[in-house]
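S.K.: There's a structure below that I have some questions on.
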Amino acid sequence: MKEIYYIVILCSLYLINLGNCSEGTDKIISENGDVKFDLIPKENTERSHKLINPWEKFMEKYDIEKVHGSGIRVDLGEDARVENQDYRIPSGKCPVMGKGITIQNSKVSFLTRVATGNQKVREGGLAFPQTDVNISPITIDNLKLMYKDHKEILALNDMSLCAKHASFYVPGTNVNTAYRHPAVYDKSNKTCYILYVAAQENMGPRYCSNEEDNENQPFCFTPEKKDEYKNLSYLTKNLREDWETSCPNKSIQNAKFGVWVDGYCSEYQKKEVHDNKTLLECNQIVFNESASDQPKQYEKHLEDTAKIRRGIVDRNGKLIGEALLPIGSYRADQVKSKGKGYNWANYDKKTKKCYIFNKKPTCLINDKDFVATTALSSLEEGPQESFPCDIYKKKIAEEIKVMNVNRNNNGNDTIKFPRIFISDDKESLNCPCEPTQLTQSTCKFFVCNCVEKRQFISENNEVEIKDEFKSEYESPINQRMLIIIILIATGAILASLLIFYFFKSNKPGDDYDKMGQADTYGKAQSRKDEMLDPEVSFWGEDKRASHTTPVLMEKPYY
């Protein structure tokens, strides 16, 4: 009978525990995985101290230094050797949408084949010359016929196919060289051009001539973004195969770049402002100020004769020296930007202002009057990327599931909310006060303003933790390393002191018996020792006055 009672008691306890579990996480999470925020009682919640950024994954493609890694306006980020000569070549990993090269004072397009044979230099452009087998310009359809037996190449999208095609050709017979030609893809007619000239800018009287009469002089050219280039994309041998998803190819509508600061996307404190009538002009500005591998000391104005003349008149030796040995020709001036520059911009459609900055953004601010763009982005105003309105609610739900998965097992019914204070669902904020709705937002976002922020943004756009909270975010590993370093340093100091004491205690004193030094006794090391040694009489004779006089004393021989 007792056994039956025990079984009944155990079953009752099991059912009670099972009931408690069902009242936990399962109650607030639906079968499809959605969190029922309205069922969470505020008295059973608390705020996590963990600093997270819901934009981290989304903003990876806007880290231009990482995803592109080279110059944008001028890309010469890699070195290649051809026949014992070093050359600089483009190496960016993302396409530069809308980038073209303008030949100064010329109606010739840079996509025209370079001049060969009896042609005048100014009759040609920068593209590959005619070859026995046509390789440029070539349509995508013809490229697919050319590589019909190579499935891995045919699997590429049109732009990647163009870049891959250009990378197959090397100069002359240098099969082992890393030198590869850049390419341009024109999406309007699906045509691929291989550029014969890797340079993207050639300016200044030393290097080129803008005079139309100088038909056989090198012409001047410069990279630009303008409306006639909107269908073009500048490509290199390093183009990423996943460029469609990993590069910032489009501008973002109803958005501006910002910096994530403890639960909220904040505006940049430091930025440059330009007046622009259109998004196209803003895109041109950020392109012109973007990362560039062009030599910084590039002379664009004075001719050598003018420099010498002015140097003599002004008695300026520096100008004369620059004429004889031009600046920008030194190895140290061969800049590699690695993608660092003013690569991002926010365009205000209402005030017609363009804000550019060189600090990578870590989030987006939803604003109906703005468009966020980059130096890599397309010039086309549509289609643009849409603002992800559900990003905050999704991240809040995800964090609640992760942070509270074991809460019932630990006997704790309190639900933790992440440090995200903006969402299109105000119930998901768990705000202790009434959230404020943003009027400029197209997503109808709500913001919780009554929770103290643990971070702030400095004047240089750096995100820092407030002093009163720093101790909570110091890494235990760093603290442990600091303790280990202090212990090692203390041990080294103690060891040094012990070694010093040991040698000092064993050092001969002033009254050391010199007779113990049998090999050196009587063989003074200096004339001074021989003449002034007061111990000259220590072998039994009385001291005499001569021990203070400069006379040579010797030990008698036994």
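In case you wondered, yes, glycine gets a Cβ from its N, Cα and C as well.
Features from Swiss-Prot:
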type	residues	note
SIGNAL	1-21	signal peptide
CARBOHYD	Asn20	N-linked glycosylation site
TOPO_DOM	22-480	topological domain 'Extracellular'
DISULFID	Cys94-Cys247	disulfide bond
DISULFID	Cys162-Cys192	disulfide bond
CARBOHYD	Asn189	N-linked glycosylation site
DISULFID	Cys208-Cys220	disulfide bond
CARBOHYD	Asn231	N-linked glycosylation site
CARBOHYD	Asn249	N-linked glycosylation site
DISULFID	Cys265-Cys363	disulfide bond
CARBOHYD	Asn276	N-linked glycosylation site
DISULFID	Cys282-Cys354	disulfide bond
CARBOHYD	Asn288	N-linked glycosylation site
DISULFID	Cys389-Cys443	disulfide bond
CARBOHYD	Asn412	N-linked glycosylation site
DISULFID	Cys431-Cys448	disulfide bond
DISULFID	Cys433-Cys450	disulfide bond
TRANSMEM	481-503	transmembrane segment
TOPO_DOM	504-558	topological domain 'Cytoplasmic'
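Could you place these features in context, so I can see how deep they sit and what lies close by?
M.R.: DSSP assigns Cys247 (disulfide bond) to coil in the three-state reduction, placing it in neither a helix nor a strand. Non-local contacts of Cys247 (disulfide bond) by the CB criterion (under 8 A, 6+ apart in sequence, same chain) comprise Lys61, Val67, His68, Lys93, Cys94, Pro95, Arg240, Leu376.
Of all Cβ atoms in the shown protein chains, 25 besides its own fall within 10 Å of the Cβ of Cys192 (disulfide bond).
Under the three-state DSSP scheme, Asn189 (N-linked glycosylation site) falls in the coil class. Here the Cβ of Asn189 (N-linked glycosylation site) has 9 other Cβ atoms within 10 Å, regardless of which shown protein chain they belong to.
According to DSSP, Cys208 (disulfide bond) sits in a coil region rather than a helix or strand. Taking a C-beta cut-off of under 8 angstroms and a sequence separation of 6 or more, Cys208 (disulfide bond) has the following same-chain neighbours: Gln104, Asn202, Gln217, Pro218, Phe219, Cys220, Phe221.
Asn231 (N-linked glycosylation site) carries neither a helix nor a strand DSSP state and counts as coil.
In the shown protein chains, 20 other C-beta atoms lie within 10 A of the C-beta of Asn249 (N-linked glycosylation site).
Under 8 Å, Cβ to Cβ, and six or more positions away along its own chain, Cys363 (disulfide bond) finds Asn53, Pro54, Trp55, Met59, Phe257, Gly258, Val259, Trp260, Cys265.
The DSSP secondary structure for Asn276 (N-linked glycosylation site) is coil. In sequence order, Cys282, Ile285, Tyr347, Lys352, Lys353, Cys354 make up the list of same-chain residues 6 or more apart from Asn276 (N-linked glycosylation site) whose Cβ falls under 8 Å from its Cβ.
In the three-state DSSP classification, Cys282 (disulfide bond) falls within a helix.
Annotation for Asn288 (N-linked glycosylation site): same-chain Cβ neighbours under 8 Å, separated by at least 6 residues, are Arg73.
All protein chains shown were included, and the count of other CB atoms within 10 Å of the CB of Cys443 (disulfide bond) stands at 18.
Counted within 10 Å of its Cβ, the other Cβ atoms near Cys448 (disulfide bond) come to 20, all protein chains included.
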S.K.: Quick one: average pLDDT across the topological domain 'Cytoplasmic' (504-558), no decimals.
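M.R.: Computed over the topological domain 'Cytoplasmic' (504-558), the mean pLDDT is 44 on the 0 to 100 scale.
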S.K.: Which residues of the same chain, at least 6 positions away in sequence, have a Cβ lying under 8 Å from the Cβ of Cys162 (disulfide bond)?
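M.R.: Long-range Cβ contacts: Ile140, Leu143, Ala183, Tyr185, Cys192, Leu235.
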S.K.: Return the member of Asn231, Asn249, Cys389, Cys443, Cys450 nearest to Cys431 (disulfide bond) in space, with distance defined Cα to Cα and candidates limited to these recorded positions.
M.R.: Cys450
S.K.: Given the disulfide-bonded residues Cys282, Cys354, Cys389, Cys450, which one's Cβ is surrounded by the fewest other Cβ atoms within 10 Å?
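M.R.: If we count Cβ atoms within 10 Å for the disulfide-bonded residues Cys282, Cys354, Cys389, Cys450, the smallest count is at Cys450.
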S.K.: Counting across all protein chains shown, how many other Cβ atoms sit within 10 Å of the Cβ of Cys220 (disulfide bond)?
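M.R.: Total other Cβ atoms inside 10 Å, all chains included: 21.
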